[in-house]
């Protein structure tokens, strides 16, 4: 009976490369393990015993060379460009210091539990975002494919921002920075060279700074494109910059995490050194205190606005980055008993503190700019996103002594912040595909990574056109945000409600030696789904007004944006239908098997971590 129960509940796809032999005996007998050698006969006593022997024929899974390689990779992934430009802007826009209250609440009850859940899932099941679902809830496997498509969309536009930064970096190796003068071929009559030493120059509403014209007319060349309906030609300078960026990416990840784990020692630590240098320099500038006061002065009345809580939830979610398959992939290369609980708390804390620190780095400089222009800080800080870095901060750097040095280290920091996130995003896709198709891709990893990088480069060509900045904004607003939040909502529901919170907590206990507390269970079952549902509903109820510079996106671009977002999410219901149509049995049987994984499979999976393991399960007669 035990043998029948076992064979009828282990899916054939559970361990295709393992030899599994099982023998059961009744009370008072013995159970033998075939091929077990001496000691393979186990006296049963008064118990019924099931003996399982599993020998894995798969290659041992790659692991991190050092624990710090993993930590720096996760920190480098979580701490990205959004920490530098988005958090400071969102913070001052939503009440300054008062915004920290909803931000911390959303982090504690939403962001960190999701972060911890993904690290634990990846480490326990040692699988990427596609194949992990055969251990959790097979019918939700489409989530993994949706995550991979979202990661590709991100690679299409995110690396273009690094290409812009590389263009700035190369332009910085000059005695005079090109965005400090109005005598260049790209400048207009409205260009106003408003340096700290130019006391006789007046600033008007129609004035444009040399930094703004360098960014819009020389780097992006958006003045040559009327909008998304006519993007124009590809900028060959940006195409070469992006090619260089992807070359670095390829040779950093082509060999696996042992290679990328070494690279992040530079790319993840260098930004902190630069942030410290810029913070010290910014604090010594005249007017810096005005920026700090503007950044932190609390406006408690803003907490009554729903928008503040929506922004706090969205910011912590996209800052920590669950749902992109990266945390699952990185954790899957950890030792089985690694304390991922401490890792989750440490890395998420570092991420939040970095965002807070970046605010001081940005606003000390904005206060200096306001002092120089004799304007209010909010008039200077009107730009958000990349413009905050490539216009406002670039102009402030040009006014500093040793401007060339500060420009070089600043744009190097921007590139390295972006590289870490790109390493992680593509590694999530690579791990998912290699785990799903190991016989085809494992021995051809270098060629697969090369093909993936080529696809990302070709997909990014539209963002390198004269109207490429409009494409970047469209992808940023629609292609990733709503889709990935919906995918993570389904992921939490699948793990907490279908796989079961108790089973998930038991897995963590086997792995870490302690059972998650009541707080984590409540967050996973109820609070996190409500947290994600809150963000989704708010996005649908208050769709963002998308505009860039003087270009207002026409209505048809909204439809296009939603179509791009749905194109990834559609994988989830599509795979559900495919799975149900191709499974054998009645609809009720198929649905039951597709949404549950027998407890015995969980035990067998734990046994697979040793090449020759014997698992004894004692059950009362």
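Positions of Cβ are set from backbone N, Cα and C atoms, glycine also.
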Among 421-446, 447-472, where does TrEMBL put the label transmembrane segment?
-> 447-472
In the same chain, residues at least 6 away from the ends of the transmembrane segment (142-170) whose Cβ sits under 8 Å of its Cβ atoms read 81, 128-133, 219-220, 237-238, 241-242, 244-246, 249, 323-325, 386, 390, 394, 407-408, 411-412, 414-415, 418-419, 421-422, 425-426, 428-429, 432-433, 436, 455-456, 459-460, 462-464, 468, 471-472, 475-476, 479-480, 483-484, 487, 490-491, 494, 564, 567-576
Most Cβ pairs under 8 Å with the transmembrane segment (518-539), selected from 70-88, 309-333, 447-472 = 309-333
Residue 191 (disulfide bond): which of the binding-site residues 76, 79, 319, 417 is the nearest Cα neighbour?
-> 417
With pairs closer than 6 in sequence left out, are the transmembrane segment (447-472) and the transmembrane segment (309-333) joined by 3 or more CB pairs under 8 Å?
-> no
Is the number of Cβ-Cβ pairs under 8 Å between the transmembrane segment (100-121) and the transmembrane segment (478-498) three or more, considering only pairs separated by 6 or more positions?
-> yes
Are the transmembrane segment (447-472) and the transmembrane segment (263-289) close, by which I mean at least 3 Cβ pairs under 8 Å that are 6+ residues apart in sequence?
-> no
Under 8 Å Cβ-Cβ from the transmembrane segment (263-289), and at least six residues away from its ends along the same chain, one finds 68-69, 72-73, 75-76, 79, 252, 354, 357-358, 360-361, 364-365, 367-372, 400, 406, 409-410, 412-413, 416-417, 419-420, 423
